[in-house]
Amino acid sequence: MSEGEVFHEKQRLELCAIHALNNVLQERVFTKETADDICKRLAPQCVVNPHRSVLGTGNYDVNVIMAALQSRELAAVWWDKRRTVQSLCMSKVQGFILNVPSRVSLGIVSLPLRRRHWLAVRQVNGQYYNLDSKLKSPVCIGGEAELRTFLGEQLSQDVAEMLLVVRREVEEDGSWLNSDNPKK
């Protein structure tokens with residue numbers, strides 16, 4: 001499969017959480033409107049919703065991502081960075097959503113600021129792809145060994161976090177973790 005055939009939404013406003021969700025699902029499922037509806041459900045009494053930007057430009061938090069995945073019979077498992085990525089049972093994981101530090105830029109000018117950014121990684125036809133919405137097109141990571149290296153590098157950043165996107169039953173039975181590997 002060529003990179004042109006891999007679904008890849010590009011960055012718009014502060015909608016990286018929506019782009020990461022759609023990219024990991026490989027179809028346009030969620031929109032700003034559906035994410036805003038989730039925010040309202042999560043905090044119905046709040047005048048200023050704590051799950052998104054006050055300006056209404058996005059910047060959705062992890063609760064919105066988790067609720068969105070639940071609406072699709074999926075679950076998000078928060079990865080404990082004290083574990084090695086070698087302990088992941090890749091065949092049980094549908095995709096990965098990472099939260100990483102990202103540079104802020106205005107056009108071609110890069111500012112000395114760093115913000116948090118959601119990005120997706122997913123296997124498509126046997127190859128794993130970095131589906132970061134800030135990329136011009138999907139970037140092929142390679143096979144499982146290359147994916148483990150990529151994830152390890154991403155998670156080595158102090159503030160980087162990772163969610164495993166799995167089916168609900170996989171979350172419940174814990175089969176996303178190889179049973180022959182220790183927890184650390």
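Think of each number as a place in line: the chain as shown, counted from 1.
Heads up, the Cβ atoms here are built off N, Cα and C, so glycines get one too.
Positions annotated as domain 'Josephin' by TrEMBL: 3-180.
All chains included, 27 other C-beta atoms sit within 10 angstroms of the C-beta of C16 (active site). Summarising the annotation, TrEMBL assigns active site to C16 (among others).
TrEMBL lists H117 (among others) with the feature active site.
Close to D132 (active site) in the fold, though at least 6 residues off in sequence, lie H117, L119, A120, V139, each with a CB less than 8 Å from its CB. What TrEMBL lists as active site is D132 (among others).
Model confidence over the domain 'Josephin' (3-180) stands at 85, taken as the mean pLDDT rounded to a whole number.
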